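Notes follow the structure.
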Amino acid sequence: MSSSSSFLVLASLLALVSWQATASDPSPLQDFCVADMHSPVRVNGFVCKNPMEVNADDFFKAANLDKPRMTNKVGSNVTLINVMQIAGLNTLGISIARIDYAPLGQNPPHTHPRATEILTVLEGTLYVGFVTSNLPAPNRNKFLSKVLNKGDVFVFPVGLIHFQFNPNPHKPAVAIAALSSQNPGAITIANAVFGSNPPISDDVLAKAFQVEKNTIDWLQAQFWENNHN
């Protein structure tokens with residue numbers, strides 16, 4: 001192999017490694033970087049608080065995640081603990097959420113643009129699933145689903161549309177989810193498409209969904225409630 005070919009191979013490998021390294025939250029370069037929420041400096045994430053001013057409360061929140069939450073009209077409530085609640089999570093690439101489901105309630109189809117999610121059922125039963133991306137074939141838009149019982153664990157890959165549904169008409173369900181980002185984000189599909197501000201043109205949506213414009217107008221007139229706290 002010539003030296004130029006060797007250089008190209010090495011450069012390609014370095015590019016691949018560096019892409020993987022920047023594909024999620026950046027790794028910390030020190031023990032911690034507690035977020036300074038009051039700093040005027042704007043970075044990707046938060047600048048570090050002076051470590052001499054850091055104390056145990058920067059890594060703590062009395063979140064009461066053992067307490068049940070009220071659910072909304074879709075029958076769920078997501079209590080997320082991320083860097084906005086615990087400043088010490090800055091640069092650590094992790095957050096946690098408690099999800100409460102009413103009987104027949106659901107955490108509707110949504111995606112986390114910056115995180116993979118691993119979910120554990122604490123109480124009840126959940127029907128869960130996700131859909132793969134448009135490409136490549138033959139796994140285009142493949143739907144993968146599973147019924148989970150107490151103690152079961154399921155993973156939702158980063159960026160893919162997924163949901164959870166409580167099929168029991170009489171009993172609630174509870175789950176805990178860990179997410180691989182200090183700020184995973186959440187895009188609820190129906191809310192984003194039909195409840196955007198300002199609204200997406202009904203001509204665009206009617207063409208995209210292959211329905212009449214009055215159907216889109218009716219959907220956009222609904223109140224798309226957020227189930228994330």
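Glycine is no exception: its Cβ is also placed from the backbone N, Cα and C atoms.
Annotated features in TrEMBL:
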SIGNAL    1-23  signal peptide
DISULFID  Cys33-Cys48  disulfide bond
DOMAIN    63-217  domain 'Cupin type-1'
BINDING   Asn107, His112, Glu117  oxalate binding site
BINDING   His110, His112, Glu117, His162  Mn(2+) binding site
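When each of the disulfide-bonded residues Cys33, Cys48 is scored by how many other Cβ atoms sit within 10 Å of its Cβ, Cys48 comes out lowest. Taking the C-alpha positions, the distance from Cys48 (disulfide bond) to His112 (oxalate binding site) comes to 25 Å.
For the oxalate site, the Cβ centre of Asn107, His112, Glu117 serves as reference, and the other residues of the chain with Cβ at most 8 Å from it are Ala97, His110, Thr111, Ala115, Leu119, Phe156, His162, Ala177, Leu179, Pro184, Ala186. Within 8 A of the CB centroid of the Mn(2+) site residues His110, His112, Glu117, His162, the other residues of that chain are Thr111, Ala115, Phe130, Phe156, Leu160, Ile161, Pro184, Ala186. For Glu117 (oxalate binding site), other Cβ atoms within 10 Å of its Cβ number 23. Long-range Cβ contacts of Asn107 (oxalate binding site) within its own chain (separation 6+, distance under 8 Å): Val74, Ser76, Val78, Ile99, Tyr101, Phe163, Gln164, Phe165, Asn227.
Around His112 (oxalate binding site), the same-chain residues six or more apart in sequence whose CB sits under 8 Å from its CB are Phe156, Val158, Gly159, Leu179, Ser181, Pro184, Gly185, Ala186, Ile187, listed in sequence order. Per-residue pLDDT, averaged over the domain 'Cupin type-1' (63-217), rounds to 96.
The 10 Å shell around the Cβ of His162 (Mn(2+) binding site) contains 22 further Cβ atoms across the protein chains shown.
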